Amino acid sequence: MARISAHVIDAIADRVDLVSLVGNYTHLERRGDDWWGRCPFHHERTPSFHVVPDKKMYYCFGCGVGGSTIKFFMEIEKIDFHEAAVRLAKRAGIEMSFEDGVHAPSAHASFTMQLCEVYQRIAETFHHVLMHTAQGARARAYLASRKVTDDSIRTFKLGYAPPDPVWLFQFLRHKGYSPEFLARSGLFAKKSERIAVFSDRIMYPIADRYGQVIAFGARALGTAPAKYLNTADMPQYKKGEHLFAFHCALSQMRKTRAAIICEGYMDVIAFHQAQLTYAVAPLGALLTKSQARLMRSFVDRIYMCFDADGAGRAATYKAILLCRSLGFEVRIVELNGGTDPAECACIEGEDALRKSVERSTTDAQYLIRCARHEHSHLGADDTSRAVSFLFPYLSVLDSAIQREQVMQDIAMAFGIRIQAVHADYLRYVSRTTQKGTTGNCVLSVQGTAIQVKEPATGVRTAQLRLVLAVVANPELFELLRESVCADDFEDPMAKELFIILEECYRADTRASPHVLSCCTTDELRKLVSEAIVCGEFSCNAPQIVRDGVALVRRNRLLKERESLVGRLRRFGDASSGEECGSMQELMMEKQRVDEELERLKGVRK
């Protein structure tokens, strides 16, 4: 693959605002010249993720991840360097160029970008059909009957797929898309590649956090066998990693530090029309860990509003455990008569939705009520079974005080002593611990979610510290290179880093992003990121480098002296004139080394 030219990497670093980019994934707050937030790569309560705009670098003191603008985008989007650079350059309006003048993107990257393009195009086309054509009249009437406003149709880019199942194939062929590409696009039936998956349906575009359409949900208007259809997982879309309307809700999520999670597209729209514009929906039956973590950096409180039927209660229970394990506060929104939010808004008005959120209950109150409902169908001897329903919830609470309070509420609700609840809970914990597993899939999430890794920066030798000081202060590299060379370094990472700095110096690309892009291991990248961001070498760097250079030179001279002494010993008592001459040369060389070592002592003092 062609190597991206250095000036493009420089342009990305200069023109892509790292604070804004990171801000799409976690909430940042300014402290002095830098920005801090919760790390988007691991679960944490106290912000330890540090962004330094003037150095165009980030670093997490909790898990040790760090790097440049391109590195962040690579890691957060799970793509390679080439694709990350191309996508960032496109977003910033930077013309791509390559060292050999040839751009050869990977087949996967090219296919993914083409998929995003075609999904965005047809979302706009479906929206036009809905809003401005006679074919869309029936769909407009349906949405009006559900009290969906024109403003909401525009906000969510709702559309209508015409009833002719061949129309979309012909439309896209006319736009220049090949039959081979369309067959792989996820838009057409596998057994009949001209037949559209979506026809005669209300279309709900699913977008990523930037508003780029990547998939569709669809509701049939006619008598189709499947009332609802959704895009299958594709290279650009994994349903368990996205939330419907996340890009629309993100701004208000940041302001309120809250999110409403409901079940369906129409439920989300109903909440937004009620000015509760921080509502989103999972794209499946259950909220996933990836979806919950998507909100974690922006949200402290989750309002859950799932259906009141058995499946809805089960989904609520699992979502509570998951969100609690990730540190969210959770409240439950319950609607009158067991209606869903869209029905509630239609029947009782938008104010009813707002009031339902205001009177939401805690997750503990909700679960205790569910347990008591279960107890009402059991015999008196089965109270323990109903109470044990709550033990997984107790396990995901990270506060002992909170856990004790919930135990008191359980005891009061069931008319039993708190000591009995506590004893049964301890037995439950003991059993799950002995098995080496929690016995509950969501409890196992807890162990992963709250684990915070120590930075894997390893032990830093004096040589490595010297080179890291130069990495953090690249203007000092000339001072380093005029005194030492790569072979003077015994530490392998220090040697590798010196070689990288030398290559960047010769290419006149000593900026941090270039140094990072040349690092061959994650450990070295973490060391470099930490050195640049942490500020350890921001004070007295020239003296650190001078002392380090003196130490490297001293080690080199000591090795040279040891070699000379060994050679002198081998001469023994020189007899011939030639041997005497050679021995004299070695002694003079040793004297020179000794004098140099004495001078270095003076420098170090």
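Placed from the backbone N, Cα and C atoms, the Cβ positions cover glycine too.
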Check each of the ranges 39-63, 89-113, 139-163, 439-463 against Swiss-Prot and return the one annotated as zinc finger. 39-63
Going by DSSP, give the three-state secondary structure for Asp307 (Mg(2+) 1 binding site). coil
For the zinc finger (39-63), give the DSSP counts of helix residues, strand residues and coil residues. 3 helix, 8 strand, 14 coil
Counting other CB atoms within 10 Å of each candidate's CB, the least crowded of the binding-site residues Glu263, Asp309 is Asp309
Residues in the domain 'Toprim' (257-338) grouped by DSSP into helix, strand and remaining coil: 36 helix, 18 strand, 28 coil
Number of Cβ atoms other than its own within 10 Å, given for Asp307 (Mg(2+) 1 binding site): 19
